[in-house]
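Notes follow once the structure below has been shown.
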């Protein structure tokens, strides 16, 4: 940054650098909150709309919701690649903002049609046929997810928060408070938007596209003020996949004709081993490949988390929502899973400060991930027992979204333990995985590492949809029924819990690979990079020259 000379004011019309950075930080945060607001507003009552309005069976509605969340998780990776190689960032962000506004504007038209419109004392019924309604609905979801991907990848990437100089303690603190803020925003959405959509005034569903339009105006201000973050192009997904495929191809060819030993199979991609990539690129990919087991064990965990907007939502929808003469929104139960996170983050901050302050402790958050996985498994077990308990109550009639449903008379608050356990899991797992994915790779690979974490999280959402479809088809609708009192949903939960317990044991077995965080990040990866080795040799040469210059034993002739 250029510093101004004393006595000189900044040029007319030019914002000072410090003020511009403050504006940029505020704009990024506002766009992030608006995007999350619209995203959770779409997700919170999608199952109710699909079952009550579109006539979908319960398992299909759950699959649609999980696929939308998975698509919204994967699109930032795709849009980030498009922005880097095919389309300019400014042009692409304008396209994505238009797609986001189009999708959020179409959803209220489909979800909240004006059923009663009076024109000149005539009653006009405005409705879309089911087939056209489904087409517009899926088109709106697709365009909204593409817009979400562009906003997350271009306007609000993680690298825009300037985390390069942060240590593991500061990074974990950032991820904790970042997810705390996101979940606080989602709690407001689940209470307000879900109630508006379900009970009060359906016309206010247009609040979602209004927030999208507000986000577009903030983004346009950022574009005009040149505040869109431009990341470094040290590495890319194509380079990473190229290193892997080159190593496989060269390794297979050499295994067939030659038997040369290399320290790692990825070393076959190096130029000095017959590959096409530099040592820096290959070493960065090797550090990323070390995280693949961590990413893999997050797939099934993400499937369990996706039970909140699918299986748990159906349980809540089929329970008694009346509370003191007031009908609670179904999605408002999600707040119970958010409350533990909002409470635990300040407590975890104190624990982390104490652990990282210990000089002899190379604190690693792997223990948080293990406990979080176990908490997720216990949550699904509790959901199975809650389903058995729910069937023991007599049934009653309950109106949701103007549809009369036959539900259990069990109060929905009896489902609170499973929500609380999954909220504890999220508070422990998500910031810890983000820290490991960001810190345990070289600086040039951090964006790629976070992209791979997003890819595996998206895979977990689609895995959840696949498990639901397989369970429904394999049991002829018994394990994931449309009418819960006629099926055995608890068996589906117990099956998923058994898979999650095995997943927890598997990660516990490999968790030692990510222990001793300080040693790994300072020695394990940086030492193998050629730039770090060159810096080390330069320091050694400087130290040797200083010894020669200060040595009283050598004569001037010997020094030359």
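Cβ atoms here come from the backbone N, Cα and C positions, even for glycine.
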Taking 346-365, 366-385, 386-405 as the choices, which stretch does TrEMBL tie to transmembrane segment?
366-385
In TrEMBL, which of the ranges 305-325, 452-472, 515-535 has the transmembrane segment annotation?
452-472
The residue range that TrEMBL labels transmembrane segment, out of 9-29, 135-155, is 135-155
Any contact between the transmembrane segment (492-511) and the transmembrane segment (37-56), i.e. 3 or more CB pairs below 8 Å with pairs at least 6 residues apart?
no
Other parts of the chain folded back onto the transmembrane segment (135-155), taken as Cβ under 8 Å at six or more residues beyond its ends
28, 31, 35, 38-39, 42, 54, 64, 68, 71-72, 74-80, 83, 89, 92-93, 95-104, 106-107, 109-111, 128, 212, 215, 219, 222, 228-229
Taking contact to mean 3 or more CB pairs closer than 8 A (sequence separation of 6 or more), are the transmembrane segment (177-196) and the transmembrane segment (419-440) in contact?
yes
Cβ under 8 Å, sequence separation of at least 6 from the ends of the transmembrane segment (452-472): give me the contacting residues as numbers and ranges.
59, 62-63, 66-67, 69-71, 73-74, 76-77, 288, 291-292, 295-296, 298-303, 305-307, 310, 433-434, 437, 479-480, 492, 495-496
